[in-house]
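Trainee: Annotations per TrEMBL:
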| type | residues | note |
| --- | --- | --- |
| DOMAIN | 7-132 | domain '1-deoxy-D-xylulose 5-phosphate reductoisomerase N-terminal' |
| BINDING | 13, 14, 15, 16, 41, 124, 126, 205 | NADPH binding site |
| BINDING | 125, 151, 152, 176, 199, 212, 217, 218, 221 | 1-deoxy-D-xylulose 5-phosphate binding site |
| DOMAIN | 146-229 | domain '1-deoxy-D-xylulose 5-phosphate reductoisomerase C-terminal' |
| BINDING | 150, 152, 221 | Mn(2+) binding site |
| DOMAIN | 261-377 | domain 'DXP reductoisomerase C-terminal' |
Ligand code: NAD
Ligand code: MG
């Protein structure tokens, strides 16, 4: 009989949250849900908390707390609101916490989960990009286990098992190239939010879909990989692979390359993290390579998509610079989605903010949050003057 484990899902109403709960729904006997959280959708959150008999439901937007309370009345499920309550719920110490909030908003609750020393299955790449060593040091200090859920990093994690990272020649992150990979610069200048969020292979939240279109997603992932895996930045490469079947690769010094393949379905890497070091069933379609026919690869184009260059430079600079890059990107993506700036301005705005603000390296969570908030402020100012 499998032992029942406790689970918290930060960002339960999102795309990764839904994929996680879909797997848990098929294995109800194996899990007891502690906390589920959401930003503002109180009705969906209450429905999920009820379905999974959560101990507590937390809504980040405090204005929605009365709605959540009303929806959970009589169920015995606790209802909390506000950012501090997110961290409080994460600190209840579930055996496994799936960190699936989008953006740096997920950093404090993810750190609270890490401080409890359990397993943290990390989808929320912006949190690791912003906090960097502050997060990885906390993982070590509190004896937590950080398991990557991002498909590329989950692939790399699997390809590194049983091998000494000292023998790694290259880690190659694959990128779909996003919906605009074959678009000209002129076409990119006119790209709309609706076009950007329509990803060819993956069904994801709006922010990561835009990041995928600009290639900031791969840039953030480069920084994420740098913190997760003990190899130098000079060993991390990016290759465009439009089919999104090879999720990433590790090449060793003897010429062996290990890759992880699978369908473009986040339930595969999520299941890998939920079951690790075991394996669990998923309802995902088996890989049919004969039907796919061809897997193709090409180099990224940093002229049209400067994001990966900006991210590599930020990773090289280290300290608080990746947090500035992330914050500037979050503000620019929100402005693009709101129709305030064009698609190609996103990278240009991030570049402006990086040139305007070089904070001292953050040493603590509160330092990182201060850098994040100052960078957002600068990003908004530079948007107005641009
Ligand atoms: P999403 O927009 O679908 O969901 C985000 C979740 O976070 C929702 O539950 C939302 O309510 C919550 N949230 C949003 N803003 C918040 C705030 N300010 N405070 C508290 N909660 C907030 O996003 P997603 O696509 O599920 O992505 C989640 C994270 O996983 C992102 O960091 C993304 O980069 C990463 N990721 C996603 C995918 C994917 O396939 N969707 C793949 C790899 C990595
Ligand atoms: Mg990814």
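Each position is counted from 1, following the chain as shown.
Positions of Cβ are set from backbone N, Cα and C atoms, glycine also.
Just so you know, TrEMBL annotations are computer predictions that nobody has curated.
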Trainee: I need the CA-to-CA distance for residue 16 (NADPH binding site) versus residue 150 (Mn(2+) binding site), whole Å please.
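Mentor: On Cα coordinates alone, these residues lie 10 Å apart.
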Trainee: Determine, for the Mn(2+) site, the additional residues of the same chain whose CB lies within 8 Å of the mean position of the CB atoms of 150, 152, 221; present them in sequence order.
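Mentor: Result: 125, 148, 151, 153, 154, 173, 217, 218, 224, 225, 248.
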Trainee: Determine, to the nearest whole angstrom, how far the Cα atom of residue 199 (1-deoxy-D-xylulose 5-phosphate binding site) is from the Cα atom of residue 124 (NADPH binding site).
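Mentor: Residue 124 (NADPH binding site) has its Cα 19 Å from the Cα of residue 199 (1-deoxy-D-xylulose 5-phosphate binding site).
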Trainee: So among 13, 14, 124, 205, 217, all listed as binding-site residues, which is physically nearest to residue 150 (Mn(2+) binding site)? Use the C-alpha atoms.
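Mentor: Among 13, 14, 124, 205, 217, 124.
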Trainee: If we count other C-beta atoms within 10 Å, could you say which of the binding-site residues 125, 199 has the fewest?
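Mentor: Counting other Cβ atoms within 10 Å of each of the binding-site residues 125, 199, the minimum falls on 199.
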Trainee: Could you check which of the binding-site residues 125, 152, 217, 221 is the closest Cα neighbour of residue 13 (NADPH binding site)?
Mentor: 125
Trainee: Quick one: give me the count of other CB atoms within 10 A of the CB of residue 14 (NADPH binding site).
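Mentor: Counting Cβ neighbours of residue 14 (NADPH binding site) within 10 Å gives 23.
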Trainee: By DSSP, how many residues in the domain '1-deoxy-D-xylulose 5-phosphate reductoisomerase N-terminal' (7-132) are helix, how many strand, and how many coil?
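Mentor: Helix/strand/coil tally for the domain '1-deoxy-D-xylulose 5-phosphate reductoisomerase N-terminal' (7-132): 61 helix, 28 strand, 37 coil.
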Trainee: For a quick check of understanding: given the listed NADPH-binding residues 13, 14, 15, 16, 41, 124, 126, 205, what is the maximum Cα-Cα distance in angstrom, as an integer?
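Mentor: Pairwise Cα check on 13, 14, 15, 16, 41, 124, 126, 205 gives a maximum of 22 Å.
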Trainee: From the DSSP assignment alone, can you count helix, strand and coil residues within the domain '1-deoxy-D-xylulose 5-phosphate reductoisomerase C-terminal' (146-229)?
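Mentor: The breakdown for the domain '1-deoxy-D-xylulose 5-phosphate reductoisomerase C-terminal' (146-229) reads 44 helix, 11 strand, 29 coil.
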Trainee: Near residue 205 (NADPH binding site), which residues of its chain come within a Cβ-Cβ distance under 8 Å, counting only those 6 or more away in sequence?
Mentor: 14, 15, 16, 102
